[in-house]
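Noted in TrEMBL for the protein shown:
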type	residues	note
TRANSMEM	42-62	transmembrane segment
TRANSMEM	82-104	transmembrane segment
TRANSMEM	125-146	transmembrane segment
TRANSMEM	166-188	transmembrane segment
TRANSMEM	200-222	transmembrane segment
TRANSMEM	249-270	transmembrane segment
Amino acid sequence: MAKDIEVGGQGEFHAKDYHDPPPAPLIDAEELTQWSFYRATIAEFIATLLFLYITVLTVIGYKSQTDANHGGDGCGGVGILGIAWAFGGMIFVLVYCTAGISGGHINPAVTFGLFLARKVSLVRAVMYMVAQCLGAICGCGLVKAFQKSYYTRYGGGANELADGYSTGAGLGAEIIGTFVLVYTVFSATDPKRKARDPHVPVLAPLSIGFAVFMVHLATIPVTGTGINPARSFGPAVIYNKDKAWDDQWIFWVGPFIGAAIAAFYHQFILRASAAKALGSRRSSPNI
């Protein structure tokens, strides 16, 4: 237990007890009997479907508007800035809509990082990841169903390592980009900050969406920006070309490594959870 000191309106100090929430059980079979668990899984599926539908349409629309071979204007379309806004804006909207139901993960890397920090159980983490990947496939499937010729012609929104960049550069971009995102998620949803600053939960979707926007600005030229294995997996399944599949491992390994580093950094460096636990054990008279 830690005590936070707050300053009152009259200059007085008030101590407020703060308790870290208990870690989620590794395997919680009881969740499988609860409707709230399935409702949250459905929310992750629908949110990821909508995320891929809007963002992949934006990418394809931009490429079609700038395709000089089909009457496009090289300076037209939303540009890379608009694509980054589409990804960041959709994350902001969807996290805002689903945070109270499923936590608003919409990303297997985020789910993986929260699982490592014991914020969610293994059962919930696996179900969320499956729902996210299925949602991504369905979202891209809708895009192809509505605009099949454009979808095939302009790459289906699939993530691929750009020409001129090494595999190491692409992997590094995905690791660092995902670290920025998952670190923001941990900071924006930190229960201690929520207890101290009531405005933090309100701003969480905005800060997470803005992190996605900034990472896209930096890494679109390198990998097209994955930082979300479901976002890369869905287009690869529907587009189904060799290049997308050859580079697919980058968009799983990179984000999972980045998420693991972010979880470790936040939990064991910034929050010093390991040091606190060790110190409490050493100070206990029973040990």
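Heads up, the Cβ atoms here are built off N, Cα and C, so glycines get one too.
Using a Cβ-Cβ cut-off under 8 Å and counting only residues 6 or more beyond its ends in the same chain, the transmembrane segment (200-222) has close neighbours at 80-81, 83-85, 87-93, 95-96, 99, 104, 161-162, 165, 169-170, 173-174, 177, 180-181, 184-185, 187-190, 193-194. Within its own chain, the transmembrane segment (125-146) has Cβ neighbours under 8 Å at 37, 40-42, 44-53, 56-57, 60, 102, 105-108, 111-112, 114-115, 152, 156-157, 229-231, 233-235, 237-239, counting only residues six or more beyond its boundaries. Same-chain residues lying 6 or more positions outside the transmembrane segment (82-104) and placing a CB less than 8 Å from one of its CB atoms are 39-41, 43-44, 47, 50-51, 54-55, 58-59, 62, 114, 120, 128, 189, 204-206, 208-214, 216-217, 220, 225.
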